[in-house]
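Below is one structure, written out as structure tokens, with a few remarks after it.
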Ligand code: SF4
């Protein structure tokens, strides 16, 4: 059960107040390079990104935002650090939301008030994006508290318990982050501005979780979830899944970004997998594939990877299974909309729980995709199954020559 928050509109996307958790990302291009930025946003749109943020480090980047906005379909957010004039220009350009960082906004309250007045006039949203890195840098006293060794009166050294010290430090930092966000919120409210979304990001999973939980207990403004600088594809996906998963499972979070040191398009499927795992969104392919093991009868890894890649643009909810042998294959495949259960160089294709046919290994990909395509709207089917079929089938013939002598399931045709 998600925690009830206020609802804020970001362009045509509703955030909070019971709306589905919106998935967002951020471009990696130089924003002033309009052509590359728009092309990247289009690729993000194709894979299901619902809100996109662009960095605005200089005025050259701010003045092209209107041009970018004209060419894209999803709401555009300007990410501002330090200079309030960049925010003011971005708002003039017609962006849908401005993100400011309380840890580094020059002239703090005075700048915030200028930005709020402009955002209010245009009726656009603002994210108060607190980041533990910039909060920490501000607080010298907190840095002093990091000292974990103390001299006792008898001259011996007392070392604090590192785990306990880390926990206390985490709590202090989280509290400072929340306090900063609430302070900025109170300044906005004094100007009768409530179009606010809040993030409390940290590269440390437990600090972010602590900060988001604390904030959620004290405020009903919608929350943008993220673990900042989470890492590369594997590290970042795992850290984001743990951190965001813990919060989302508790009903905390209204929009999210999975930050990866990878192409931004790769962030989107990770975000949807997190949301689908928690049954918070139902979009695109829910994919089941076995890891393969010593019983494997087909090249399950190649087939699974290729099937998943080909289905990456599908938005219709559909359940697909690719399984390596008869041990778990038939059960998982029957439960899926389309399933493949491998067996001795052949595979049984299931559709909606029924055995459809048995196909040789070099036709696995073609057969699975054809069945998936038959269950999709025409426009989406074309994306995965071009006319004339698929020639470059997966399969590097890792199948053992003799198989495991396990029974192959009977095929209906
Ligand atoms: S389905 Fe078969 S091959 Fe795949 S992991 Fe299970 S036992 Fe191994």
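In case you wondered, yes, glycine gets a Cβ from its N, Cα and C as well.
If you look up TrEMBL, you'll see 290, 293, 325, 332 marked as [4Fe-4S] cluster binding site. Just so you know, the Cβ of residue 325 ([4Fe-4S] cluster binding site) picks up 24 other Cβ atoms within 10 Å once every protein chain is counted.
Annotation source TrEMBL lists domain 'IspG TIM-barrel' at 5-272.
The domain 'IspG C-terminal' annotation in TrEMBL covers 287-373. Across the range of the domain 'IspG C-terminal' (287-373), the DSSP-based residue counts are 31 helix, 28 strand, 28 coil.
In this structure, the binding-site residues under consideration are 290, 293, and the one with the smallest number of other Cβ atoms within 10 Å of its Cβ is 293. The Cβ of residue 332 ([4Fe-4S] cluster binding site) has 19 other Cβ atoms within 10 Å, all protein chains considered.
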